[in-house]
Amino acid sequence: MVAGLPFLLLQAGCNTLPSSGPVQSQITAQQKDPKKNSVGFRIIPVTPELVTLLHQEQPPTLASLESTPSTPSQNDRIGPGDDLQISIYEMGNGLFNASNEQHSTSSSQDLTTSTGIGGSPTSGATASALPPVRVNAAGNIVLPYIGDVHVSGLTTTQIAERISAGMKKISRAPQVVVRTTSDLTNSIIIYGEVTRSGRVPLTPNKERVLDIVALSGGATHAAEDTLVQLTRDDRIVQAPLKIVEDTPEQNILLQSGDRLQLLYMPRNFTVFGASEKISEIPFSTPDLSLAEGLARVGGPSDGRADPNAVYLFRFEDRAIAQKLNIPSDTGQSTVPIVYQLDMMNPANYFLAQDFPMRNHDLIYIANAKINNFNKFFNLLSTIVSPGITAAYMAR
């Protein structure tokens, strides 16, 4: 019993020494202990099959909005709040030209300006530009001599035809030209991390996400650190700007009323445990592998780390967890998974080069078991060494 006392003291001392985190055996044991594993994490070894699966992960998508049945946006229809400029061409002394205004009320003189086609009042065709008129909430405009004209949902050409038809009984061969001076109906709002925020009109050319970003002066940060958030009706979807740039199907057509926000979301990962540097590290590149992430912090510490126990902690997408046969609740969108890399196996260095890192990943490098013994031995040496020295000096 006395002979076993030093071993018991050594074991007790090792277990009570401070440590930067659990060793491999503790992590494995706590995975199976419901009391300690409160989040329900699972440990998954890094294998070629796993790396292939992670590369097949579907990124956040904007394209899902285009799969929603809806009426295609034409971007040329007039609606409430739009401002219209209406020009009317008439033969002779028409309703709106200067000659006729001499016999009309003084209030009507302020409504128009009139010139002949040649540049001066004549008995030939004259052009009259009405003051800008705004489409009201009911979708109507009000014009002299004609009254209410319903224009909502019509193109400028259709509005011109409708006004011409209303004037035929009171004017000689009227011709009407309509153009928009303020187009609220066919526009989107872009804001956030762009050079110029504001309202951007859509045209019949049918602008896409990247078109509007470019028209707004571009994003103020790198595409890989910028998140695109698109709000359409009651739906909100997000995708990294880099994915929208690299994937044509994500560069979807925008519709009137869309709200486009660019968010600055710098990607980073953290490193704990037996590494040369414990810190938060920015990606700084469009893509980052596990090998590159480890290299940025100097890799596992030679004197402290357990190369068999390099872990990556991640809240993984539920679809990936299901393919790994990890159970999850229906309401869960993400599942906690711990990926384990054994760096004593040379083949795993190839896998580490191809293992894709994600934003907010956490790398933990476990301490080697022998490290606790070394700590205890060093502590014991600091206690015993002065006594030995004193005894030696006393001799």
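Including glycine, each Cβ sits where the backbone N, Cα and C put it.
TrEMBL lists 59-84 (among others) with the feature region 'Disordered'.
According to TrEMBL, the compositional bias 'Polar residues' annotation covers 59-76.
The annotation domain 'Polysaccharide export protein N-terminal' is assigned in TrEMBL to 72-179. Per-residue pLDDT, averaged over the domain 'Polysaccharide export protein N-terminal' (72-179), rounds to 77.
Taken from TrEMBL, the feature region 'Disordered' applies to 97-128 (among others).
Taken from TrEMBL, the feature compositional bias 'Low complexity' covers 104-115.
Marked as domain 'Soluble ligand binding' by TrEMBL: 190-233. Taking Cβ pairs closer than 8 Å, the domain 'Soluble ligand binding' (190-233) reaches residues 62, 65, 73-76, 183-184, 239-242, 244-245, 250-267, 283, 285-286 in its own chain, all 6 or more past its ends.
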